[in-house]
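Data block below; observations after.
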């Protein structure tokens, strides 16, 4: 390793004094002008990780649904999954090292992680459409190059596309071709096959309005449009030509504010959906004839997919182990419907995509979605092999047809990570094959009214939780107080959890009416304020 060269390049990307950042589920995120040194160092880390794994690693420059002036970076492991937790610590160490400590920390990582310096390093890079992304991705390239790594810069891509490409590369093409064209061809071929089957059931042309959050999703949908079957018509809004990224639009805005995005004209009962800024989340919505807005979030997406896949497995005569994975934020009504009506086991895990993904890997078919619209479906290797074999060799026509539909579903789903484009095509195919409207899908169950609040505290670490963040262990007396408050209301539950990034505590409550959900959330907020060291004025009633 040429430490003189490292020193020289590091000086071109100096660390601002006093800045400390933490690598979390979303990687690093901050104001774009504070990130140049981080990008350079994540280029270094990607090269080291590649050598340690003997595989290609991905680096995605994006801050997803954050405002346009922010940016961020995350690393992608060999099978398209998120960076291993032990390396998240190395990432944090490296990002926060003073310039003169850099050489020492790189050496330390090499020793701890048994990095073979003589191995080749290979890194795939992608970026979103933020004005700062091009320059920041150049800093990543500097980091890879200084350690003698090879890189392939894909330029503008959605986050899930880069995850997909990394997985394809490291499975020697078994998962697909590591090119954008390969991605479009694989997804569109599977989607076209499924849509053909629905047309025989007399389904009319499908129309969909898509809000792309003024982000990368619009560019990639435009590239993919030529691959779409003519039976599907998409209209793209918020394509980034006029407005700022994520400003008053996108999946996060629609979910949080429970209203349509700016720049999308909705007529009654039209199908609409929103991507987020890097196209790894999706939510659907429509306006009824009375003008009321209806949101269809990640919980309902997971439910629709569960019903469909369970029916197919039954038609195939297969008893594959299927489950849905949720977090504590999933609406209690969805959990109840899945368990009692669909009869699919539901597992609850800690918040964060990596926890959901990890749990979903335990099943033959693992479905996970966060309420915010980020999610996917995982098929075990054994389940996939069984399905593909039945699609080819099963003598019984009905069973073989069901297996073929499932096989196309496997090809249509991006199993590496939540993918708004892929999830949208999966949803459209299921609605077409089942002959369902958005309204019928929405009517599967009614959400329990809920409220999410934030309480400022002096130190978020005062609160410790257990049972997938549904119960507070510390401070003493808080959980007992929450239990007593919950007993006052019907169909109610509430939990508190510290934020992963700032000194706030999130409070979630559900009850039989909105008024009661609001009252419960407020009372729990007061309990947090008094027992967990609240800052500023006490929470006010909603």
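Any Cβ shown, glycine's included, is placed from N, Cα and C.
Keep in mind it's a predicted model, so treat the numbers as computed, not measured.
What TrEMBL says about this protein:
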{"type": "DOMAIN", "residues": "50-100", "note": "domain 'Alpha-D-phosphohexomutase alpha/beta/alpha'"}
{"type": "BINDING", "residues": "64, 276, 278, 280", "note": "Mg(2+) binding site"}
{"type": "ACT_SITE", "residues": "64", "note": "active site, phosphoserine intermediate"}
{"type": "DOMAIN", "residues": "114-166", "note": "domain 'Alpha-D-phosphohexomutase alpha/beta/alpha'"}
{"type": "DOMAIN", "residues": "181-283", "note": "domain 'Phosphoacetylglucosamine mutase AMG1'"}
{"type": "DOMAIN", "residues": "297-435", "note": "domain 'Phosphoacetylglucosamine mutase AMG1'"}
{"type": "BINDING", "residues": "370, 371, 372, 497, 498, 499, 500, 501, 506", "note": "substrate binding site"}
{"type": "DOMAIN", "residues": "452-525", "note": "domain 'Alpha-D-phosphohexomutase C-terminal'"}
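Overlay of TrEMBL feature records on the structure.
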residue : record                 : Cβ neighbours (10 Å)
64      : Mg(2+) binding site    : 26
276     : Mg(2+) binding site    : 35
278     : Mg(2+) binding site    : 34
280     : Mg(2+) binding site    : 31
370     : substrate binding site : 23
372     : substrate binding site : 21
498     : substrate binding site : 22
500     : substrate binding site : 13
506     : substrate binding site : 20
DSSP residue counts for the domain 'Alpha-D-phosphohexomutase alpha/beta/alpha' (114-166), split into helix, strand and coil: 22 helix, 13 strand, 18 coil
The domain 'Alpha-D-phosphohexomutase C-terminal' (452-525) - residue tally per DSSP class, helix then strand then coil: 24 helix, 26 strand, 24 coil
Interface-richest range of 114-166, 181-283, 452-525 toward the domain 'Phosphoacetylglucosamine mutase AMG1' (297-435), CB pairs under 8 Å: 181-283
Across the domain 'Alpha-D-phosphohexomutase alpha/beta/alpha' (50-100), average pLDDT on the 0 to 100 scale: 96
Separation of alpha carbons, residue 370 (substrate binding site) and residue 64 (Mg(2+) binding site) (Å): 15
Secondary structure content, the domain 'Phosphoacetylglucosamine mutase AMG1' (181-283) (per DSSP, counts of residues): 38 helix, 18 strand, 47 coil
Rounded inter-Cα distance in Å - residue 498 (substrate binding site), residue 276 (Mg(2+) binding site): 24
Chain-mates of 64, 276, 278, 280 with C-beta within 8 Å of site centroid, Mg(2+): 62, 65, 128, 158, 159, 215, 251, 275, 277, 279, 281, 374, 420
